[in-house]
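Since the structure comes first, as structure tokens, the remarks are kept for the end.
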Amino acid sequence: MTEIPRAGRWPTLHLNPGVCDYSSFAPMLCSRKGPGLSMYLYHFLCFGFRYSVLPDFCMLSSRVRLIPRTVRLVHSLIYNSCHSSMDLKALLCSLNDFASLSLAESWDNVGLLVEPSPPHTVNTLFLTNDLTEEVMEEALQKKADLILSYHPPIFRPLKHITWKTWKERLVIRALENRVGIYSPHTAYDAAPQGVNSWLAKGLGVCTSRPIHPSRAPNYPTTGTHRVEFSVNGTEDLDKVISAVKRIADVSVTSFSTRTDDEEQTRISLNCSQEALIEVVAFLSQSRQFYQKTEILSLEKPLLLHTGMGRLCTLDESVSLATMIDRIKRHLKLSHVRLALGVGRTLESPVKVVALCAGSGSTVLQGAEADLYLTGEMSHHDVLDAASQGINVILCEHSNTERGFLSDLRDMLGAHLENKINIILSETDRDPLHVV
């Protein structure tokens, strides 16, 4: 293949008649000489890889123009040349920086669920909402090195790994093909840029806050309680500090104070719930200490914009019918399930929406809103909400989550500095359909 000087705005390619060899086209794109890189590669990069040589025309003309069309071969050629790879451990650290697993609920099973023998290099990260056998087959065909499955495919403990059940087969196929499996689940629910924030985007212009805010997991303060009391005299002070330091899970600080013109030492203990019982038992032996004891319950500080669910207040209220249309468009659904609140109609105004992606019964319970939006709720929880005049919209569990993956792909691409190839599953879908 040789290059022909351009006659018009865009250059053309010359191929030998009857021959369509992409392998000869690739060096021209990657060449550092002449217009090879500056013209063709630049054009591919700037216009989203939407130009390629069509094999259908190779037999018809020795001069083939670059014409608009999405062709995966050329997309892969250019895209892969722009990405390198990451070691699995480095990638996991970056994913944790993006959304810490400490934000996940205590009952959840998050993080790396299946790990190939190290070292393991990740070139392609495959995103899916649910990891089914069909999705696994797609991931293997697309040469995935790590699958990020929003829902953990391993939730309850597995007692054996055989070919008997589909979840066991997922583990076997992953290990046989050296593919890791990672699940963030509720860590991405709570994250400021996570699933619930994405779901709120479909409501219209609004302000939102978490219904159940998360607390800082690594705040420097240790223990669950702080115990403070005063000690008179140096001799008593040494005995007291020596005694409390022998109690496990207790940290001690002291500082001088002055009360009623008398010098005293204030003792402050941070301790666990279990240690608190021993501390109180020790202090109760001395009336002087016990009567001046203060016990404070310690809490970690709240994290801004982080937590389960979202309470969204619209800048301008809209009718329930309008809100239904917005939700359908955002989730790309033709149908949703609606329970009208007592005394409400489709024309009733909606100003405040409480939402929770997935299953929202526990998170939404007690939230004061005009509308509850979630994937699924129990029958009785729907009845309870409707009896209070709260409308309920149910969209099926994963329909309130799956659309987030498109945003996640872009965010992770930027967070990982485009070091790896990130692709979305095309076979992942909600298992329920309206028929």
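The backbone N, Cα and C atoms fix where each Cβ goes, glycine too.
For His397 (divalent metal cation binding site), the same-chain residues lying six or more positions away in sequence with a CB closer than 8 A to its CB are Gly358, Ser359, Gly375, Glu376, Asp430. Residues or ranges marked as divalent metal cation binding site in TrEMBL: His151, Asp189, His397, Glu401.
Once Cβ contacts within 10 Å are tallied over all protein chains shown, the binding-site residues Asp189, Glu401 are led by Asp189. The residues near the divalent metal cation site, meaning same-chain residues not in His151, Asp189, His397, Glu401 whose C-beta sits within 8 angstroms of the mean position of the site's C-beta atoms, are Asn129, Tyr150, His185, Val195, Ala357, Gly358, Ser359, Gly375, Ser398, Thr400, in sequence order.
Long-range neighbours of His151 (divalent metal cation binding site) (same chain, six or more residues apart, CB within less than 8 Å of its CB): Asn129, Asp130, Leu131, Ser183, His185, Ser398.
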